[in-house]
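*Asks:* The following feature annotations were taken from TrEMBL:
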REPEAT    A:68-102  repeat 'PPR'
REPEAT    A:138-172  repeat 'PPR'
REPEAT    A:200-234  repeat 'PPR'
REPEAT    A:293-327  repeat 'PPR'
REPEAT    A:397-431  repeat 'PPR'
REPEAT    A:432-466  repeat 'PPR'
DNA sequence: CTAGGGTTAG
């Protein structure tokens with residue numbers, strides 16, 4: 001007779017905490033079949049999305065028998081809404097296993113989850129079940145199916161499903177437009193767009209952002225002006241389009257002329273400033289914002305981290321946790337903060353986040369975070385920890401491999417670095433410019449000149465054009481082996497202007513091999529390219545000393561000293577040398 | 001219930 005009493009508690013908008021207590025009680029009483037009601041209430045409760053609810057939902061779903069179909073469907077929709085597409089899909093699979101028949105809502109949610117994950121197999125499987133359950137005539141289900149295929153880029157099948165629909169709504173049309181735009185078929189997208197019976201603001205927005213993504217701002221602007229109705233998304237699409245093609249001032253003009261903005265308008269703008277290194281404007285915008293949230297903090301912290309200002313990044317992270325601010329970080333925050341730690345070589349703080357903070361806050365690990373940690377541990381010498389994390393990756397992508405290759409390189413495991421590189425290319429993951437920087441850095445620590453040449457030359461095969469950084473690594477490798485003339489020739493063969501890094505590498509090599517003639521040439525270029533750095537002068541002075549040219553060394557050191565006191569504009573150190 | 005915007009790791 002306990003049962004009716006308990007059920008009266010439900011549907012009364014209990015708080016998450018109260019529901020939690022109720023759940024405990026139910027379990028103690030052995031009334032597990034009521035768990036579904038708890039889930040439903042958790043979902044429909046007025047409380048905002050919070051990590052505790054989501055965490056709690058996961059617990060219920062993983063530890064107990066599945067509830068009824070409607071509750072499971074509600075949970076799936078809840079997960080979809082908050083990005084838990086994998087959970088939603090798992091739930092669907094669980095539903096299937098326990099022999100429960102899904103409703104059209106269930107199937108539509110599951111399809112949405114597949115579309116967002118990009119799970120083609122899952123989508124096709126459910127497509128089959130749509131026929132089995134006789135859901136073919138349902139607009140929502142069929143629209144969701146179109147969504148699966150457009151997101152996969154399979155416009156042929158999408159078109160087929162769309163064609164066979166007995167009834168279409170504006171969402172079905174919009175999905176098709178979006179699909180064509182994403183596959184780069186603007187002509188067909190235009191045709192479909194003009195054929196939509198009742199265009200809504202989404203149809204227009206899809207077109208605008210389709211063009212703005214590719215940087216065709218003329219077309220985007222034309223559509224934007226023609227739109228009968230605009231919303232925040234239309235404006236934000238214009239802002240990000242202008243940022244994409246480097247027109248920060250125009251982006252800002254749009255931003256300023258918005259009557260109301262949201263967080264995304266602001267973080268788009270901050271991201272734009274971040275990309276072009278304008279930390280000051282980014283910070284100004286950030287500080288002027290009145291409604292703070294974790295996205296804004298993430299954007300600003302990322303701006304600092306990306307622009308080599310790890311200290312400021314950590315400071316802002318600290319500010320975010322202060323009780324008067326009290327904004328909860330998420331995975332992205334932590335990934336960025338860990339990257340700042342590894343720039344600073346701060347293993348203590350970084351591993352504290354890994355070992356304690358994540359447990360405290362219930363933030364779970366993902367591959368982005370793992371990769372950031374791999375980089376941190378590897379750069380701080382804990383290569384074993386890095387390896388452990390590397391093996392735990394769900395899927396190893398080019399970024400993870402690059403971090404590991406570089407990590408092996410700086411920890412004296414060059415052979416493993418090469419092995420990892422080959423393993424990566426064999427599994428059809430394409431290396432990029434950063435990967436080669438990592439590999440060449442690894443090789444520069446040992447005298448493997450031929451191996452380095454081989455790898456350097458192989459860049460072409462991947463369609464990669466070496467940057468000055470790659471050349472300077474090669475110069476360093478040749479220089480270490482004492483092949484200075486060869487290094488000099490490589491520099492002369494560069495298709496672009498060598499930078500100070502390249503000449504600096506040669507100068508350093510000359511100083512270890514006491515080569516005056518080439519050293520002077522290298523130093524001359526360094527002075528021209530980076531007149532305010534005194535390090536080059538010291539290197540050349542060392543070369544002079546090593547061959548007994550004490551007078552030259554003395555004169556050079558003196559002028560370095562003077563330069564530290566009085567800055568002479570336009571004066572090259574070579575002028576002093578050639579006196 | 002379906003569609004549309006931004007941010008994270010080398």
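Even glycines carry a Cβ here, placed using N, Cα and C.
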*Asks:* Do any residues, 6 or more residues outside the repeat 'PPR' (A:397-431), come within under 8 Å Cβ-to-Cβ of it, and if so which ones?
*Replies:* 367, 370-371, 374-375, 377-379, 381, 383, 386-387, 390, 437-439, 441-443, 445-446, 448, 451, 455, 462, 464
*Asks:* Looking only at the repeat 'PPR' (A:68-102), report the model's average pLDDT.
*Replies:* 81
*Asks:* Other than its close neighbours in sequence, what residues sit by the repeat 'PPR' (A:138-172), given a CB gap under 8 Å and a spacing of at least six beyond its ends?
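*Replies:* Sequence-distant neighbours of the repeat 'PPR' (A:138-172): 104-105, 107-108, 111-112, 114-116, 118, 120, 123, 126-127, 130, 178-180, 182-183, 185, 196-200, 202-203.
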